[in-house]
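The structure under discussion appears below in the form of structure tokens.
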Amino acid sequence: MDLRELVSALNDFASPSLAESWDNVGLLVEPSPPHAVNTLFLTNDLTEEVMEEAVQKKADLILSYHPPIFAPLKRVTWGTWKERLVVRALERRIGIYSPHTAYDAAPHGVNNWLAKALGACTSIPLHPSTAPSYPAEGTHRVEFCTGTEHLDAVLSKIKDIQEVSCLTTFPARVEGEEQTRVSLNCSQKALLEVVALLSQNSLLYHKTEILLLQKPLLPHTGMGRLCTLSEPVPLSDIVERIKQHLRLPHVRIAVGRGRTPESPVKTAALCAGSGSSVLKGTKADLYLTGEMSHHDVLDAVANGISVILCEHSNTERGFLSELRDTLATHLQNKVNIIVSETDRDPLQV
């Protein structure tokens, strides 16, 4: 596939608009066009060792779950390992694409794969994603009714306010009187000016309605998951299920206050990677993530919530095998997809 065609297909698979605003996702390194992709190489982290493996396996595009370019690069030299990744990629005409939190939020993404470690359960996003676009402009809708004597003057002043859109009028009958109903959309900043204008006429102001325009939530999409098990399972059994699913000999566990390893787990909140900010404040029997701060663990335990930590990338990497098969179907088997054998979590027990 042509690189740009492939990137478009990857964006269709999980839109970059689902990613967090602080993230750096999408095509990060692009060889000069045209660039054909015969082999797509999947990795969780793009290290120099993984890059050499990609070179040896003649990869044309690397899909690195974590973006290897995050903080802006001021130069591209042989001086630092991340700069060397870019140099090596361009020398070998290898593109680099990163989905990161777009794959966390996607219904068929990393967190749904991690939830399979718990066994039979239903799940909902902890922080649902909103639609990336919305047919209405502005953040608020303002509607009010006025008589004919005030209409032209009010409309003239409203049209002078910046960031007002979708201004419409239509006949209305209010308390037996023929009036005109005015509807407009505006930004948060313009709303203050519109309200100030309308408040100059108390009769007008008391007939004003203000609606907050919110983008609709996307079903089954968003950060983290709150999982409800089909039946309660002892914490010790959940530990074994997680170890088996993630193929780990060890995990770290903090047992919640008043709980024991035999206490039943009915609800579990999870987040691949670093889950403190996503999980914080969620009521559940268990938190499952890669890493959390010491004080967030203490806080969870004090609230009777057990915590299982598996190290950051161990909660993500296993998804790559499932991703390989899913992408093969999505891309209609037009490219060869391989998973890195060198990629691994930097922390070992």
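Every residue, even glycine, has its Cβ placed from backbone N, Cα and C.
Just so you know, the Cβ of HIS312 (divalent metal cation binding site) picks up 21 other Cβ atoms within 10 Å once every protein chain is counted. If you look up TrEMBL, you'll see HIS66, ASP104, HIS312, GLU316 marked as divalent metal cation binding site.
One way to see the shell of the divalent metal cation site is to take the Cβ centroid of HIS66, ASP104, HIS312, GLU316; the remaining same-chain residues with a Cβ within 8 Å of it are ASN44, TYR65, HIS100, VAL110, ALA272, GLY273, SER274, GLY290, SER313, THR315. Listed in sequence order, ASN44, TYR65, VAL110, LEU114, ALA272, GLY273, GLY290 are the same-chain residues six or more apart from GLU316 (divalent metal cation binding site) with CB atoms under 8 A from its CB. For HIS66 (divalent metal cation binding site), applying a Cβ distance below 8 Å and a minimum sequence separation of six or more within one chain yields ASN44, ASP45, LEU46, SER98, HIS100, SER313. All chains included, 29 other C-beta atoms sit within 10 angstroms of the C-beta of ASP104 (divalent metal cation binding site).
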